[in-house]
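Take a look at the structure set out below.
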């Protein structure tokens, strides 16, 4: 009978051990499940935090973009306002420039030595000097605020009397028999300084409204017939009143010129070279559109180099 009980007790002991092992396995599984669940929740919380941070940064970026947009709009409006002010300033400056030059309208038919213009020849008539007074035509120019850099180097008057003045060395003065102030200027190659009177057309727009203006003209090279370079550059001259050149438009005397003065283009300029005579050249330096095409057809002169 003992042999039958012993196996029973052994089997019972085995059953107890099996039950104990099952409890241990269940607790381990619960711990692992808890840890994995906790890790998953931690990862989810991290994702939520990162998403919130992204939303925060996106909101800040949108606010910064809006601020930049407002600043850009303000800069555009400021730029437009400055542009309008600049345009108004330019218009007023141009208007003032035209207003300052209004006293010079009487010389619209004259050829300005510093500015080459393709104008129609003036049909001027020479008259006897005894029938007119000695008042200079430049006395009507009352404006002293002109920019020195924009003043002409000389005032040229085309006249048929130029040929008469060049013949006989006296022109109208020799014909009238009363030479006036024939003074030889030093450094002008002994040129005789004579004056005569000519008529030029005024600045009227219509031919019937044009009034002839009496102008006293001088020969080239006489005193005060060209603007002083030193005065034009700095506004002062070391020679002062003893300077032989003009210090302003009021002192500038008109110079009588040949009727074809400044009517033909300078060949050196047309060939693309620099004219050594500058504003003293008797030919035009400004080119028309057709002359520019002709000048473009000239091939530039290649400099010849001597090879030794």
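Heads up, the Cβ atoms here are built off N, Cα and C, so glycines get one too.
Feature annotation from Swiss-Prot assigns coiled coil to 56-91. Residues or ranges marked as compositional bias 'Low complexity' in Swiss-Prot: 9-21. The compositional bias 'Polar residues' annotation in Swiss-Prot covers 148-164. Annotation source Swiss-Prot lists region 'Disordered' at 1-21, 110-190. The zinc finger annotation in Swiss-Prot covers 222-250, 260-288.
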Taking DSSP states H, G and I as helix and E and B as strand, how many residues of the zinc finger (222-250) are helix, strand and coil?
9 helix, 2 strand, 18 coil
Residues sitting near the coiled coil (56-91): Cβ under 8 Å, six or more positions beyond its termini, same chain?
none
DSSP residue counts for the zinc finger (260-288), split into helix, strand and coil:
7 helix, 2 strand, 20 coil
Restricting to the zinc finger (260-288), what is the model's mean pLDDT?
84
